[in-house]
Amino acid sequence: MTDTCATANISTPTSFPFFQKLAQVLLVLIRVVVLALFLTWRIQNPNRDAMWLWGMSIVCECWFAFSWLLDILPKINPINRATDLAALHDKFEQSSPSNPHGRSDLPGIDIFVSTADPDKEPPLVTANTILSILAVDYPVEKLSCYISDDGGAILTFEAMAEAVQFAEVWVPFCRKHNIEPRNPDSYFSSKIDPTKNKKRPDFVKDRRWIKREYDEFKVRINGLPEAIRKRSETYNSKEEMKEKKLAREKNGGVLPPDPISFTKATWMADGTHWPGTWLNPMTDHSKGDHAGILQVMSKVPENETVMGHSDEKKLDFTGVDIRLPMFAYVSREKRPGYDHNKKAGAMNALVRASAILSNGPFILNLDCDHYIYNSQALKEGMCFMMDRGGDRICYIQFPQRFEGIDPSDRYANHNTVFFDGNMRALDGLQGPVYVGTGCMFRRYALYGFHPPRANEYSGMFGQLKSPAPNISAMQSLQSDQEEDLDTQPLTSHPDLNLPRKFGNSTVLTESIAIAEYQGRPLADHISIKNGRPPGALLLPRAPLDAPTVAEAISVISCWYEDKTEWGDRIGWIYGSVTEDVVTGYRMHNRGWRSVYCITKRDAFHGTAPINLTDRLHQVLRWATGSVEIFFSRNNAFLGSKRLKFLQRIAYLNVGIYPFTSFFLVVYCFLPALSLFTGNFIVQSLNISFLVYLLTITVTLTLISLLEVKWSGIGLEEWWRNEQFWVIGGTSAHLAAVLQGLLKVIAGIEISFTLTSKSGGEDEDDIYADLYIVKWTSLFIMPLTIMVVNLVAVVIGFSRTLYSVIPEWSKLMGGLFFSFWVLAHMYPFAKGLMGRRGRVPTIVYVWSGLVSITVSLLWISISPPDDTTTSGGGVQV
């Protein structure tokens, strides 16, 4: 007999109301038909007075219709998901015949945190992220945390050591009083009453004590740079004295006339040379040239709970588990002449090292500024992985939520339209795209294997087609475009040649089958086709020994990936600045599914740039990656048949959307050209044109309102997103396309860098960065569009006002679209003004140059004659 807990679902997908989905589909169909009729009418009714204007507008409108289709089609099947943590607890952590002591039968999770430069990514921020991870509500013995320091900085290393020391009191404090969030900086800066729902009488005393400890911790972190510098100077002075003494002894008691040379090293606290990057970089000790470093700072925890006790100097942790998860600092080896592949290479090094040290079947990756805001987020993600059919899920993507954004969200930094709209809609297809952080991976899927039962799923939405025989999940590693699955277990394939694919580490290759097995859901029901028996994961982890650590160091060497498939088919994929999207695409292309997990309490919080220039450069990087994807073999046109139709459309849109910038820039200039010439994109504003325009606008508005309703975003957020789409489209997207074309055609690399800066004065304002104006070449096109449209409005209005026969209909058409462009550019204009409307001089200069150039150009193209001077032109 099967009990209730064993058969209960621990995750539930729910579709939106039928009539709401039907209304959305009907509106989309109506708009598609009206768009087709409108474009047909436009082509059949050219403007004979301005064929060039009509032609440009037709081309742009056809592209916008195509682009809109790519965007809207993947949104027709949005779903919501819910998890049941109580059912998860009953299923995996309750006493049962297979688990008499009620230990956790959940699989292990390895958490990766990436950082590269302590100057740009403050160690205190990274330390707070680590503390939130070490205190997460997940079985301690099942959790391991790794930080990848790609800069090999001693500052990051010592900051992490300080964080682990502080975690010894912070983590038990969080468990004792059920603290949320478990990032100490976020917790202590929260404006919510800290005593809310707290019942233990010693909470206030404990909080006061831990707050003082945290303040001292922050001071120690802030003082590390100076402490490291002074320590190194002290040791270097001793080394210099030794060298002088040795030289004096060799020279008969007299110092030689030549200067004494000695190495100015960076020293660790134990009096040895730091093997990473030195304060004064030199050969073997610089960012791109240093040895691999792996330091286990917190050992593998015991399998049994370790309770604390009362300590007069610390807190009373009686009855509180004081164990910490395993934590390791990793800095992969770097040498000149090797392509280290930036973040993707660092992540792959962590995948290999963690496979040897802990081999958690699931991997969560976080940026150093994204901390765990909901301590139960890992369990919520595990609800999907451990549910029926969870063995076919390659990753769980959590939405990104940001702190420190200005209240008006001027530049759409929250990106709620994407995270609450597009991603939720993709969840109804084959799954959301991978967006770089806050993602829980199945390790086996990262290794490039196909999912079990891949041929059971097909159709537009990737739903279950028909029952099929149980296929072992341990399938051979095949080409992404190969269609026939090999259904035999991995162990029966002597020709797999795993060392050629994964490298020559036997420990690593042997860990693959273990990770696959441990990642399976429980085989507690007849519907579970690829499960493991209950109680299979109750065995304790073995402590780490020196040979194991040495093996882990060997797999993070710079030569390990030579002649392997790491970065090509295994792990994070190389070759794009948006390695996250490509990595997720490869998994979907093999037939895996992904899930979007929106928790009631946000799972993770992070930071985002609120400065206009920084935001545009962020968008530029994303768009550049999309262009690279379009011109690579990762273009969805080349995807396999396992990539479902609407999922393919979504990935096509990822690679194509930056190219809309060309047409958007042209269309933003059309209103100005209409006002300059006195012509419009149509011969006249007749009834047919206005009816078509009204119908297209009304259907788009209704579709947007439905999207706002099912996604839960606000109308202001939707409008901010529309504004920044125009701002980014006319600047960063255009630059990304130009970069991509020059790289593909001519092999020329172009980067857009900051050239001048105007800063604010109020350092106490948390939004001070919002008002900083950093001039960049990305400003040129949006600024030109604004100035040209403003000049055109003045010229068009003056021409019509002083004309013998004013054509007000054409003027109103041009004015309407010019104001439409300017309304979208309003946040950009505010960004240029800085604080209190102070516009940088370069903006005045550029605006003046554009205005003068446009005026002179128009005078040369259309010089005034007797007729225009007397009535049809501008009176000067």
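Yeah, the Cβs are placed from backbone N, Cα and C, and that goes for glycine too.
Feature annotations, reproduced from TrEMBL:
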TRANSMEM  22-39  transmembrane segment
TRANSMEM  51-70  transmembrane segment
BINDING   SER114, LYS120, GLU121, ASP150, LYS342  UDP-alpha-D-glucose binding site
COMPBIAS  235-251  compositional bias 'Basic and acidic residues'
BINDING   LYS343, ASP367  Mn(2+) binding site
TRANSMEM  650-673  transmembrane segment
TRANSMEM  685-705  transmembrane segment
TRANSMEM  725-748  transmembrane segment
TRANSMEM  778-799  transmembrane segment
TRANSMEM  811-829  transmembrane segment
TRANSMEM  841-861  transmembrane segment
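Among the recorded stretches 22-39, 51-70, 650-673, the one sharing the largest number of Cβ pairs closer than 8 Å with the transmembrane segment (811-829) is 650-673. The transmembrane segment (685-705) makes no contact with the transmembrane segment (778-799): fewer than 3 of their CB pairs lie within 8 A, with pairs spaced 6 or more apart in sequence. With a 10 A radius on its CB, LYS120 (UDP-alpha-D-glucose binding site) counts 9 other CB atoms from all the protein chains. Using a 10 angstroms CA-CA radius around ASP367 (Mn(2+) binding site), the binding-site residues that qualify from SER114, LYS120, LYS342 are SER114. Neighbours of LYS343 (Mn(2+) binding site), defined as other CB atoms within 10 A of its CB across all chains, total 19. Among the binding-site residues SER114, LYS120, GLU121, ASP150, the ones whose Cα sits within 10 Å of the Cα of LYS343 (Mn(2+) binding site) are SER114, ASP150, in sequence order. Sequence-distant contacts (6 or more apart, same chain, Cβ under 8 Å) of ASP150 (UDP-alpha-D-glucose binding site) comprise SER114, THR115, ALA116, SER331, ARG332, HIS340, LYS342, LYS343, ALA346. Packing around SER114 (UDP-alpha-D-glucose binding site) is summarised by its Cβ count: 22 other Cβ atoms lie within 10 angstroms of its Cβ, all protein chains included. Using a cut-off of 8 Å between Cβ atoms, the transmembrane segment (51-70) and the transmembrane segment (725-748) share fewer than three residue pairs, counting only pairs 6 or more apart in sequence. Same-chain residues that are not part of SER114, LYS120, GLU121, ASP150, LYS342 yet have a Cβ within 8 Å of the Cβ center of the UDP-alpha-D-glucose site turn out to be THR115, ALA116, ASP117, GLY151, LYS343, ALA346, CYS368.
Listed by sequence, the residues of this chain that lie at least six past the ends of the compositional bias 'Basic and acidic residues' (235-251) yet keep a Cβ under 8 A from its Cβ atoms are 260-265, 267, 271. Max Cα-Cα distance over the annotated UDP-alpha-D-glucose binders (SER114, LYS120, GLU121, ASP150, LYS342) is 16 Å.
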